[in-house]
Amino acid sequence: MGKVYDWFEERLEIQSIADDITSKYVPPHVNIFYCLGGITLTCFIIQVATGFAMTFYYRPTVTEAFASVQYIMTDVNFGWLIRSVHRWSASMMVLMMILHVFRVYLTGGFKKPRELTWVTGVILGVLTVSFGVTGYSLPWDQIGYWAVKIVTGVPDAIPVVGSPIVELLRGSVSVGQTTLTRFYSLHTFVLPLLTAVFMLMHFLMIRKQGISGPL
């Protein structure tokens, strides 16, 4: 094992990378409330894992979506647990994100030179809420259907561009298969990818600038 490690160490300098990660200075004022962002990340990872597991059984069609969710809950081994953990971690992610925003705002973590870190955090907040909106519709039950109809109908009140925005969100004038397909694509591919990119940017900036000081 030693020779294998030495081979990789010679080429990748693993030890120097590990030393840089583990030797980062942590200010003495940091407490448990500074862990809220990390907890949000943990919830996101759980979301990805459990969501990926459910894609093996979920069918994104208006005729089969609800039945496939019922199948996951009743027939798939531990399917009820996987979906429940997905729902619980989704709620926890939103809660931790809100608390994290409050902590950053109250401690002045958004001030110079961390403005861009705050901007990426706000974008992550919007993406998190978008996860909730798109995921809520996927079972395609009465609650999900009417929630989508109401949410996608809100832009219709905007003059001139309202109707095109509604059609863009729904895929047509009315809510139907194209709407479910778009929401499924957003929920399982577009939003996770964007969230991963902005989380990486967010953490790299925190890594570069360090944790903000006390008030």
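Cβ atoms are placed via backbone N, Cα and C, with glycine included.
Note that the structure is a prediction, hence the values are computed from the model and not measured.
The feature transmembrane segment is assigned by Swiss-Prot to 32-52, 90-110, 116-136, 186-206, with sequence analysis given as support. What Swiss-Prot lists as heme c binding site is CYS35, and the listing cites sequence analysis. What Swiss-Prot records for HIS86, HIS187 is heme b 2 binding site. The heme b 1 binding site annotation in Swiss-Prot covers HIS100, HIS202 and rests on sequence analysis.
Feature annotations (Swiss-Prot) mapped to structure.
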{"residue": "CYS35", "record": "heme c binding site", "Cβ contacts under 8 Å, 6 or more apart": "none"}
{"residue": "HIS86", "record": "heme b 2 binding site", "Cβ contacts under 8 Å, 6 or more apart": "ILE46, GLN47, THR50, GLY51, MET54"}
{"residue": "HIS100", "record": "heme b 1 binding site", "Cβ contacts under 8 Å, 6 or more apart": "LEU36, GLY37, THR40, GLY121"}
{"residue": "HIS187", "record": "heme b 2 binding site", "Cβ contacts under 8 Å, 6 or more apart": "GLY51, PHE131, THR134, GLY135, LEU138"}
{"residue": "HIS202", "record": "heme b 1 binding site", "Cβ contacts under 8 Å, 6 or more apart": "THR117, THR120, GLY121, LEU124"}
* **Surrounding residues of the transmembrane segment (116-136) on its own chain - C-beta under 8 Å, 6+ positions past either end** => 47, 90, 93-94, 97, 100-101, 104, 109-110, 143-144, 147-148, 151, 183-184, 186-187, 191, 194-195, 198-199, 201-202, 205-206, 209
